[in-house]
Amino acid sequence: MAGNKRVRDAESEQDHAETETVVKDTATTGEVEGSFSDLKLSDGTMKAIGKMGFTQMTAVQTRTIPPLLAGKDVLGAAKTGSGKTLAFLIPAIEMLHSLKFKPRNGTGVIVITPTRELALQIFGVARELMEFHSQTFGIVIGGANRRQEADKLMKGVNILIATPGRLLDHLQNTKGFIFKNLKALVIDEADRILEIGFEDEMRQIIKILPNEDRQSMLFSATQTTKVEDLARISLRPGPLFINVDSEKDTSTADGLEQGYVVCESDKRFLLLFSFLKRNQKKKVIVFLSSCNSVKYYAELLNYIDLPVLELHGKQKQQKRTNTFFEFCNAERGILVCTDVAARGLDIPAVDWIIQFDPPDDPRDYIHRVGRTARGTKGKGKSLMFLTPTELGFLRYLKAAKVPLNEYEFPTNKIANVQAQLEKLIKSNYYLHQIAKDGYRSYLQAYASHSLKTVYQIDKLDLAKVAKSYGFPVPPKVNITIGASGKTPATKKRRTKD
């Protein structure tokens with residue numbers, strides 16, 4: 001990457017909520033801390049861990065696995081990419097093994113996670129870990145075939161990975177689903193589960209599940225009041241609070257090189273196109289703020305012979321799953337996506353995270369960049385696009401302990417394909433329509449940002465934004481701004497469609 005680099009320090013304190021009933025055990029390093037062979041695990045688990053290529057534990061595994069093996073409840077705070085999936089699966093599998101769980105005993109462990117992709121990923125890790133065990137495992141997620149799931153549950157699934165909505169559905173409606181013998185409950189990405197609106201479902205699930213002699217573990221990248229409330233109703237009194245991040249200098253992975261570029265709206269796509277062209281041999285994830293923007297830019301880039309994959313919430317589950325695994329297995333390539341891919345997904349060897357549309361807040365930023373530099377020795381780079389009016393976001397990142405460099409790209413290295421882009425959008429009816437949808441959705445997403453002091457829609461230059469979607473003049477679109485549903489006259493754009 002060319003250009004000057006001005007290092008900006010980003011250090012400040014980050015508070016973690018504490019409750020009186022919680023025992024503190026704080027590790028201050030994310031370095032490798034111990035060996036799996038020290039844990040005295042079953043032969044089947046050790047064989048699987050060896051086959052997966054792991055010998056040393058990460059900090060969160062070192063701190064978490066021994067108390068979980070001893071039967072304690074754990075409330076874990078660890079940044080994304082810290083290795084927590086193994087930290088909760090290994091003790092769960094060991095418990096099922098020691099209790100000699102059979103299919104007829106029903107479900108002994110339930111893992112609840114916010115998204116279908118994350119559930120599939122945890123399921124994949126569980127499948128590898130259980131290769132040499134006799135216990136059964138399964139997954140229930142929205143969008144999958146409910147009847148097939150019910151059939152498997154009735155045959156007996158010892159360890160079940162689930163999203164909240166579908167799990168509640170089966171708990172309430174699937175006769176023959178045996179969960180009375182539940183021994184452990186894992187709630188992963190608890191803050192995200194609550195953020196996306198599953199608070200009521202979680203309360204109902206916890207009410208239905210047996211809690212006598214049940215071990216519980218709750219993991220959350222951030223500790224909020226709602227997470228504390230969920231911990232209070234799901235964990236036994238006096239859980240062990242394990243925080244491997246509280247005294248670290250940064251909130252992001254150590255092997256992550258992070259930067260931002262200041263770019264006017266009309267030059268954003270040209271810079272992105274130039275960057276992707278030069279990095280076609282790398283593995284890159286590009287984040288956008290809306291499904292329609294993803295659809296447009298993915299279609300456009302593929303049309304102009306820059307092959308990309310797309311992942312967003314409007315796709316059918318099978319398509320999302322196929323795309324996710326295709327990108328996982330690729331040595332290089334570009335994935336254009338919404339935040340559906342930002343949380344917890346473990347995609348191997350990602351070189352670059354590009355935040356083309358800005359994240360809503362520092363937490364979203366941290367989870368987006370968490371797709372690279374994963375594990376103990378992970379390396380990766382991230383680049384965030386900001387317009388001159390959005391630079392206030394850097395203050396929030398600094399307060400969240402995110403270290404950033406500023407990158408400058410020489411203008412002579414940026415491909416000037418604006419005229420060709422506008423000509424293409426004008427002549428291709430389909431691209432014209434999805435460009436218009438993308439433009440409208442970008443404005444709508446911008447208007448709904450929570451950091452109103454940073455992302456001010458009145459300060460957007462619509463003519464420049466339109467150019468990044470291939471329009472010489474802003475198209476007429478209709479968006480709703482603000483809680484009142486009223487659209488300021490200066491921003492009102494009516495459309496006939």
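Each residue, glycine too, has its Cβ placed from N, Cα and C.
Its Cβ placed at the centre, Lys84 (ATP binding site) has 26 other Cβ atoms within 10 Å. The ATP binding site annotation in Swiss-Prot covers Ala78, Lys79, Thr80, Gly81, Ser82, Gly83, Lys84, Thr85.
The domain 'Helicase ATP-binding' feature in Swiss-Prot is assigned to 65-241; the stated evidence is sequence analysis.
The feature domain 'Helicase C-terminal' is assigned by Swiss-Prot to 255-425.
Summarising the annotation, Swiss-Prot assigns region 'Disordered' to 1-23.
What Swiss-Prot records for 34-62 is motif 'Q motif'. Here the motif 'Q motif' (34-62) has a mean pLDDT of 91 out of 100.
Applying DSSP to the motif 'DEAD box' (188-191) sorts its residues as follows: 2 helix, 0 strand, 2 coil. According to Swiss-Prot, the feature motif 'DEAD box' maps to 188-191.
Among the features that Swiss-Prot reports, motif 'Bipartite nuclear localization signal' is placed at 267-283.
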For Ser82 (ATP binding site), the number of other Cβ atoms found within 10 Å of its own Cβ: 25
Summary of DSSP states over the motif 'Bipartite nuclear localization signal' (267-283), given as helix, strand and coil counts: 12 helix, 1 strand, 4 coil
Neighbouring C-beta atoms (10 Å sphere around the C-beta of Gly83 (ATP binding site)): 22
Three-state composition of the motif 'Q motif' (34-62), taking helix and strand from DSSP: 17 helix, 4 strand, 8 coil
CB contacts for Thr85 (ATP binding site) [other CB atoms within 10 A, all chains]: 23
